[in-house]
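Per TrEMBL, the features are as follows:
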type     : residues : note
TRANSMEM : 13-33    : transmembrane segment
TRANSMEM : 94-113   : transmembrane segment
TRANSMEM : 133-160  : transmembrane segment
TRANSMEM : 181-208  : transmembrane segment
TRANSMEM : 323-344  : transmembrane segment
TRANSMEM : 364-383  : transmembrane segment
TRANSMEM : 403-425  : transmembrane segment
TRANSMEM : 446-471  : transmembrane segment
TRANSMEM : 477-498  : transmembrane segment
TRANSMEM : 542-564  : transmembrane segment
TRANSMEM : 570-588  : transmembrane segment
Amino acid sequence: MVAAILSELLTEILIPVAAVIGIVFALVQWLLVSKIQLTHEAPPSSRSNKNGAGDYLMEEEDGVNDHNVVLKCAEIQNAISEGATSFLFTEYQYVGIFMVAFAVLIFLFLGSVEGFSTKDKSCTYSKDKTCKPALFNAIFSTVAFVLGAVTSVVSGFLGMKIATYANARTTLEARKGVGKAFIVAFRSGAVMGFSLSANGLFVLYLSINLFKLYYGDDWEGLFEAITGYGLGGSSMALFGRVGGGIYTKAADVGADLVGKVERNIPEDDPRNPAVIADNVGDNVGDIAGMGSDLFGSYAESSCAALVVASISSFGINHELTAMFYPLLISSMGIVVCLLTTLFATDFFEIKAVKEIEPALKRQLIISTALMTVGIAIVSWLALPPSFTIFNFGSQKEVKNWELFFCVAIGLWSGLVIGFVTEYYTSNAYSPVQDVADSCRTGAATNVIFGLALGYKSVIVPIFAIAVSIFVSFSLAAMYGIAVAALGMLSTIATGLAIDAYGPISDNAGGIAEMAGMSHRVRERTDALDAAGNTTAAIGKGFAIGSAALVSLALFGAFVSRAAISTVDVLTPKVFIGLVVGAMLPYWFSAMTMKSVGSAALKMVEEVRRQFDTIPGLMEGTAKPDYATCVKISTDASIKEMIPPGALVMLTPLIVGTFFGVETLSGVLAGSLVSGVQVAISASNTGGAWDNAKKYIEAGVSEHAKSLGPKGSDPHKAAVIGDTIGDPLKDTSGPSLNILIKLMAVESLVFAPFFATHGGLLFKIF
């Protein structure tokens, strides 16, 4: 068989080099952001039009360029940073206990497959060869789980720290020009995007090479153990998403209902006691949670591809370069995203508010176009012209150009999903404008229109996912689906930069309001935030689409490892699993939404209490008690994140142990099909309600002006819709994609145990 053009030595060098380039680039971006000092600045002596860098400070013009304003920005930033850090440390203490307990479970379950034997066993797919003992597979799977969990936690924490570091700096730069503020926010997002993608790649590469020292030629066992890395990543992401989502939406709902609707004060008004908790929530939910979520997707898609490849010709013939094809795709993605980032920060200038959103969307298009070329290069260099891929008990012959199409269709499907999501959630298009218009007749019609929009927005993304699945499976079986998911995530650094940009801009606007900056500064930060709100919806679309492909790839790997030849939905064992699996996303959504409601109820009562009992609070002569509101969000989110997390983590263990692998396969299929639909609908409905409110508040068009201004009845109806949508778009919707991935990867890790000892109830009866 013809070998790949790229040598094994060069492969071993290129992957860590790409990871190091990503880490260095993230550090450079951070250094550039850190040059902005949270101190009083004198107006520059000369002007330059380069991204507004030399524009005079607007406060100077408005007569409010006071040193106290800058100090106030620093003070607010510190309060947000301390609140976010405190919450994450509290959350990680609880998550750490879970991590240790679950690591012990992995060791006990997998070790018991062969009775904790230390003797070599026959390989599953190559009976003439011997593989390492089950006990050591259990040990290495446990180690991989811990590595994935720690990397996920570190990724989320680093993202949160850079976001809280950059928000006030973005506010201060907005005094000089919208282009200057945009660059700070985007560079800060890039720090998170590149550090996460590069660290994820580097730790996975390092883990494989360290594990190889023990496993040697047993690649089947090696890559089975590596699946623990994906499980660890998604486990932490689940708690980060659910806990952070409950935190941020409890504060947001409390702040909006009392502040905007009852007291008729602006968003982020410093008189509102929940305003600091709201800003903290943006970081722990949208930054730390999203970072962990997409890291989990990346880790799982890589693991699914590696597991299938290890039992294909790549693994059987020990072709290291072809085996590392998924890692080479990710390496190319880092280089492509680096070039793409320069288009936003150096090659193009943002001179006006209307240029912000096109600049962000241009990032997606440029990265997708460049990555298509990158995939072609990697496929040509790293793959032999012809090879075989494992396909449910047989080997399917595949050409290298067919694998290129698998990755490329995943990449372009992600772009399609992103732009369809934008169409349904951006107030520049008719769907959201129709929702805004429905506010004329009150909150009820707003809710009806928003729900209808969410249901309708599912159609095109599902077709895009379906086409991706059909083409990639037809060309390269389950391996094709795994690399299609990887293709969708190959530009993860750019995607995360755009995602993180949104909450940073949102916080910047809040700081401008609380620090008493001029109205014109707030207009600039609002423009940054409005663009980020749309791109955040695009990011959620990417996350859900990739989760569907990742989950299906993991499902295929699970079916292979559990030695199931076919999944027949007409058999009772499978069908009951299918029905129960389809119900799980609804159960999970009910738990998370009720958790937000319970926490928000306490927040509303506290905010009302402070307005009623603190003399001078409404007049602005007294300070609110921010700390109590922060504590309410923290306590509620820590307490409420445990039941939904337990539901997801325990379901595969209970079903696999008591009902067996066939029923579990039904549960996985049902939760995948149902979860994707509910997640897309929830995220887009919430995003549409949010942007309908912003459409009325901005009052840019004549239509929007006829619905406003702030405080009008249509605006109050829009705020109520936005409040209902908050837990949908930021808690339940984004968490559901982790549910479908996590149950699949957990089933894959525990597959040997379920295949050997599972189905206890059916064995008894």
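Each residue's number is its place along the chain shown, starting with 1.
For all residues, glycine too, the Cβ spot is worked out from N, Cα and C.
Where the annotation comes from TrEMBL, it is an automatic prediction and has not been curated.
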Quick check: do the transmembrane segment (542-564) and the transmembrane segment (94-113) share at least 3 Cβ pairs under 8 Å, counting only pairs 6+ apart in sequence?
no
Best-contacting stretch, by C-beta pairs under 8 Å, relative to the transmembrane segment (403-425) and drawn from 94-113, 181-208, 477-498, 570-588:
477-498
Sort out for me which stretch, of 94-113, 133-160, 323-344, 477-498, 570-588, has the most Cβ pairs below 8 angstroms to the transmembrane segment (364-383).
323-344
Per the 3+ Cβ pairs under 8 Å rule, pairs at least 6 apart in sequence, do the transmembrane segment (477-498) and the transmembrane segment (94-113) touch?
no
With a Cβ cut-off under 8 Å, give me the same-chain residues at least six positions beyond the ends of the transmembrane segment (94-113) that come close to it.
134-135, 137-139, 141-142, 145-146, 149, 153, 228, 231-232, 235-236, 239, 638, 642, 645, 649, 653, 749-750, 752-753, 756-757
